[in-house]
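Undergrad: Below are the features listed in TrEMBL for this protein:
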type: TRANSMEM; residues: 7-29; note: transmembrane segment
type: DOMAIN; residues: 7-360; note: domain 'Major facilitator superfamily (MFS) profile'
type: TRANSMEM; residues: 49-71; note: transmembrane segment
type: TRANSMEM; residues: 78-96; note: transmembrane segment
type: TRANSMEM; residues: 102-123; note: transmembrane segment
type: TRANSMEM; residues: 135-155; note: transmembrane segment
type: TRANSMEM; residues: 167-187; note: transmembrane segment
type: TRANSMEM; residues: 208-228; note: transmembrane segment
type: TRANSMEM; residues: 248-266; note: transmembrane segment
type: TRANSMEM; residues: 278-297; note: transmembrane segment
type: TRANSMEM; residues: 303-326; note: transmembrane segment
type: TRANSMEM; residues: 338-359; note: transmembrane segment
Amino acid sequence: FPEGGLTAWLTVLGGFFSMFCTFGWANAIGVFQDYYETHQLKHLSSSTIGWIASLQLFFMFGSGIFVGRLFDAVGPRYLLIIGTVLEVLGLMMTSICSKYGEFLVCQGIITPIGAAFIFYTALAAVPTHFHRKRGLAMGVSSSGSSLGGTIFPIMVKKLSQSISYGWTMRACAFLILGLLVIVNLTITSNSAHKGFQKIRVHDYTKHFTDIHYVVLVVASALTFWGLFIPFDFLTTIARHYSISDDMATYLVSMLNGASVVSRIVTGHIADHAGRYNVNTIGISIAGILTLAMWIPSTTLAPLIVYSVVFGFASGTVVSLGPACCAQISQVSDIGTRVGTLFAVGSIAALTGIPIAGAII
């Protein structure tokens, strides 16, 4: 592991922009839940509309089961090109959608599959350049998703008030396209890739003989089941308590803004204090705070506090989960292991948001 150098840090830069365009876009799901409930899909229930976000998370994370394997085989180059084409195409098609089924296909399936090719490629490439500094490197790169989750809700909200929904989506697509050009030029792998091989069930099941990996997969699935509910419904619940539309949108941006700081700071701390230790603290804070503050809060002030602190804690969880997985994996298997980890979590994410919508 070079632990630095121009190529390694350029990969971190590319990882930052890839997370901005993929996970950052997924972090903005709350603004679309709120928008569709009051515009194109206002005749549908929150739970029904929530399936758009659930499918988005399911296909983005679930695609890791084959994208991670492809990364281990061929490296990043072709995967990034495929992902760029699919994500931008999906967003452009979403801009002309008007029916529920169209949103499900374009925003819920095509866009996240493209995002998955970019997301997992970056997630697997960065650890191949670092070992001792892996937490910091992955924290810096994953902070891009928090910045994207901060900017996209405000961008969508403001643009949709001044121009049409269609051109709002196209503006986002053009921004993502420009950043993905940088991603394609900067991300490299420091691992020897195996080339295409026959895919066997054993290639996946062999990893589940490692009890450490099994426990991490189960924990991650439980985390995914609940972690994205605040991202999707924070805006909706704020509006329910008569908080202004703009302020309700800013809550999601505050949540993601706090996450930018936590991913970098806690990533650096985790390299010294232990990635599993810091990750456990982050998960505990996120869960306790949701029960103790979000559920009983009915006014703006506690919701702001919740958004900031939950954002800080959730950023720790999202950035250190892959770092924990990489810590117990051979570098040649990082793509497959991280991809499978997220794929299992995607099954939980698929049901978490609609269940929350039904409860609401």
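Cβ atoms are placed via backbone N, Cα and C, with glycine included.
What does the local environment look like for each feature on the list?
TA: Counting only same-chain residues 6+ beyond the ends of the transmembrane segment (7-29), those with a CB under 8 A from a CB of the stretch are 53, 56-57, 60, 80, 87, 111-112, 115-116, 118-119, 121-123, 125-126, 129-130, 137-138, 140-149, 151-153, 156, 172, 176, 179-180, 182-188, 190, 228, 231-232, 252, 256, 318.
Taking Cβ pairs closer than 8 Å, the transmembrane segment (49-71) reaches residues 22-23, 26, 29, 32-33, 36-37, 41, 79, 103-104, 107-109, 111-113, 115-117, 119-121, 124-125, 189, 193, 199, 203-204, 224, 228, 232, 334-343, 345-347, 349-354, 356-357 in its own chain, all 6 or more past its ends.
Among residues of the same chain six or more beyond the transmembrane segment (78-96), those with a C-beta under 8 A of the stretch's C-beta atoms are 18, 21-22, 67, 70-71, 103, 106-107, 109-121, 165-170, 172-173, 176-177, 180-181, 183-184, 187.
For the transmembrane segment (102-123), the list of distant contacts is 14-15, 18-19, 21-23, 25-26, 32, 36, 40-41, 51-64, 67-68, 71, 76, 79-80, 82-91, 93-94, 138, 141, 180, 183, 187, 322, 335, 338-339, 342: same-chain residues at least six beyond its ends, Cβ to Cβ under 8 Å.
Sequence-distant contacts of the transmembrane segment (167-187) (same chain, at least 6 residues past either end, Cβ-Cβ under 8 Å): 10-11, 13-15, 17-18, 20-21, 25, 76-77, 80-81, 83-84, 87-88, 91-92, 94-95, 118, 121-122, 125, 152, 155-156, 159-160.
Residues 24, 27-28, 30-31, 34, 136, 139-140, 142-143, 145-151, 153-154, 157, 230-231, 234-236, 238-239, 278, 282, 303-304, 307-316, 318-320 of the same chain lie 6 or more positions beyond the ends of the transmembrane segment (248-266) yet place their CB under 8 Å from a CB of it.
Counting same-chain residues at least six beyond the ends of the transmembrane segment (338-359), those with a Cβ under 8 angstroms from any Cβ of the stretch are 45-51, 53-55, 57-69, 71, 120, 123-124, 204, 207, 216-217, 220-226, 228-229, 232-233, 321-322, 325-326, 329.
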